[in-house]
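Annotated in TrEMBL:
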ACT_SITE  Cys27  active site, proton acceptor
ACT_SITE  His66  active site, charge relay system
ACT_SITE  Glu108  active site, charge relay system
BINDING   His14, His31, His33  Zn(2+) binding site
Amino acid sequence: MWKLKYKTDFSAAHSLKETSSLKTSKCKNLHGHNYFVEITIKTSELVDGMVIDFKELKEIIDELDHKFLNEFIENPTVENISKYIYDKVYEKMKKRTLFFNLEVEIKETENGSVIYSEDNL
């Protein structure tokens, strides 16, 4: 079993929808974050000796860097951003193998992060 970890970061702007769950009204205003991302992939199958090329993961994150996230992620909470990245990595991985476990962690602040995962094993 192999476990790949890819850590990176990106900077982006967003604004959140005003909902009953949003407890701080300033988040509905345009603002930005330096997001820290950790992608973990576990698999028992390698393709060409790799879980996945790190460059493929970097390309996904580069699509988000210095962008306005609302343009392609509806209500870009850290939860929705983690799911967006998960879906992009999942699409790349399912072309390589059907047997893998994927987890995406996004750290939005020093004190808070979200992890999104599904079991695909």
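These residue numbers are counts, starting from 1, taken along the chain as shown.
Glycine residues also receive a Cβ, built from the backbone N, Cα and C atoms like all the rest.
All TrEMBL annotations are machine predictions without curation.
Taking the C-alpha atom of His33 (Zn(2+) binding site) as reference, the shortest distance to any of the active-site residues Cys27, His66, Glu108 belongs to Glu108. For the Zn(2+) site, the Cβ centre of His14, His31, His33 serves as reference, and the other residues of the chain with Cβ at most 8 Å from it are Ala12, Ala13, Ser15, Cys27, Leu30, Gly32, Leu69, Pro76. Looking only at other Cβ atoms within 10 Å, the busiest spot among the recorded positions His14, His31, His66 turns out to be His14. In this structure, the CA atom of the residue listed as 'active site, proton acceptor' is 18 Å away from the CA atom of His66 (active site, charge relay system).
Rounded to the nearest whole angstrom, the C-alpha distance between His14 (Zn(2+) binding site) and His66 (active site, charge relay system) is 10. A simple way to gauge crowding: the CB of His33 (Zn(2+) binding site) has 18 other CB atoms within 10 angstroms, across all the protein chains here. DSSP assigns His66 (active site, charge relay system) to coil in the three-state reduction, placing it in neither a helix nor a strand.
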